[in-house]
Amino acid sequence: MQGGRVVLGLLCCLVAGVGSYTPWDISWAARGDPSAWSWGAEAHSRAVAGSHPVAVQCQEAQLVVTVHRDLFGTGRLINAADLTLGPAACKHSSLNAAHNTVTFAAGLHECGSVVQVTPDTLIYRTLINYDPSPASNPVIIRTNPAVIPIECHYPRRENVSSNAIRPTWSPFNSALSAEERLVFSLRLMSDDWSTERPFTGFQLGDILNIQAEVSTENHVPLRLFVDSCVAALSPDGDSSPHYAIIDFNGCLVDGRVDDTSSAFITPRPREDVLRFRIDVFRFAGDNRNLIYITCHLKVTPADQGPDPQNKACSFNKARNTWVPVEGSRDVCNCCETGNCEPPALSRRLNPMERWQSRRFRRDAGKEVAADVVIGPVLLSADPGAVGQQEEGGDGAAVMVPSVGTGLVCVAVAVALAAVGVAVGIARKGCTRTSAAV
């Protein structure tokens with residue numbers, strides 16, 4: 001495999017009422033053409049016929065991932081110490097020397113996993129990292145790094161024992177009904193904003209289209225703002241290195257840089273939706289080729305006008321000025337000075353102090369806010385390593401890799417024990433990252 005990081009995708013689901021089931025397995029192998037990778041029940045490892053390099057079990061409180069050390073189907077076993085789970089780089093739980101497998105077992109919230117909330121589903125997203133150690137001669141390596149995204153899907157209304165999941169909710173403000181629900185979400189969208197898109201296959205020079213939303217069961221009129229966004233190499237926005245994309249209560253500061261086109265999209269499709277685009281980037285000096293973006297989303301009543309603390313401002317390079325999505329241009333004046341806090345908080349804070357002070361802040365009942373993480377967004381090391389999505393049989397989706405790239409895409413048909421359901425990677429709704437308040 002040449003010139004890039006391998007990206008594989010796994011998806012695992014639990015269906016309401018299913019207490020346990022045999023985990024689904026996926027096999028893959030190279031068949032002549034080094035770019036012609038395939039997944040499915042008929043694939044065979046060149047080392048061990050019928051072996052499954054990666055198997056996932058989505059259990060009630062944890063996930064269990066088993067990785068065969070012949071990860072690439074070449075007959076060459078990788079070093080178990082080179083495999084880790086999640087952004088926190090958790091080590092394996094056990095080794096099976098007889099079967100040459102490495103097993104990771106971790107709680108659903110452990111090892112830096114990201115949880116997503118959709119109206120019907122809880123989605124836990126993590127990844128397996130393969131970072132090969134140098135060969136005996138430290139100036140060379142013989143295999144490429146690999147990132148294997150993993151998702152576990154659970155019904156939000158019921159758990160696997162058929163007992164209702166009862167999350168704790170907070171009302172929008174004291175005037176709203178206690179039955180109301182606020183669900184904040186970030187979605188990665190296609191170029192025309194019509195559908196969600198996978199998190200893989202981005203290259204430097206591409207654009208990330210991000211859609212922020214808030215929904216309530218009773219549809220109380222709300223206006224959504226993206227207060228701040230920080231990119232990092234993990235879901236922890238406080239980690240280092242980090243990069244501020246949106247700051248100062250809604251100023252898209254990345255668009256102020258000369259070589260970017262980052263901006264909010266005007267007009268909004270709805271008051272409770274806000275879209276913005278950013279130019280793809282990576283962190284210099286880091287070979288992981290991935291980023292997480294943590295955004296602080298908040299809402300105000302729809303009839304409350306924008307102000308310096310509640311705004312969405314982009315920098316217009318042609319006019320050399322900041323412009324708002326709505327409201328008077330005066331609300332954006334503070335974007336240039338960086339002093340957008342109300343008088344009581346007007347002291348100049350560094351970006352991380354501002355970030356920490358805003359987490360889940362409620363301002364006298366006028367706003368409800370939450371931090372939402374989107375990622376990992378995976379970058380292709382090689383130009384042209386973007387797959388094309390096609391529909392496959394039995395509800396599966398097929399990601400067809402471009403010829404000559406190191407990107408491995410998948411076709412998945414998942415069989416759940418006693419349940420006649422098939423699900424696939426990159427289906428609509430599987431790339432949404434949300435937070436419920």
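From the backbone N, Cα and C atoms, a Cβ is placed for every residue, glycine too.
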| field | Disulphide bridge to Cys332 as given by Swiss-Prot, partner from Cys295, Cys313, Cys409 | value | Cys313
| request: Quickly, which of Thr121, Thr168, Thr200, Thr260 does Swiss-Prot have down as O-linked glycosylation site? Just give the residue. | output: Thr168
| Swiss-Prot tags one of 4-16, 290-302, 368-380 as region 'Extracellular hydrophobic patch' - which one? | 368-380
| request: Out of Cys58, Cys152, Cys251, Cys335, point to the one nearest Cys313 (disulfide bond) in space (Cα versus Cα); all of them are disulfide-bonded residues in the record. | output: Cys251
| note | Filtered by Cβ under 8 Å and at least 6 apart in sequence, the residues in the chain of Cys340 (disulfide bond) near it are Phe248, Asn249, Gly250, Cys251, Pro308, Gln309, Cys334
| note | Within 10 Å of Cys229 (disulfide bond) (Cα basis), scanning disulfide-bonded residues Cys58, Cys90, Cys152, Cys332, Cys335, I find none
| query | Just counting, how many other CB atoms are there within 10 A of the CB of Cys334 (disulfide bond)? | reply | 20
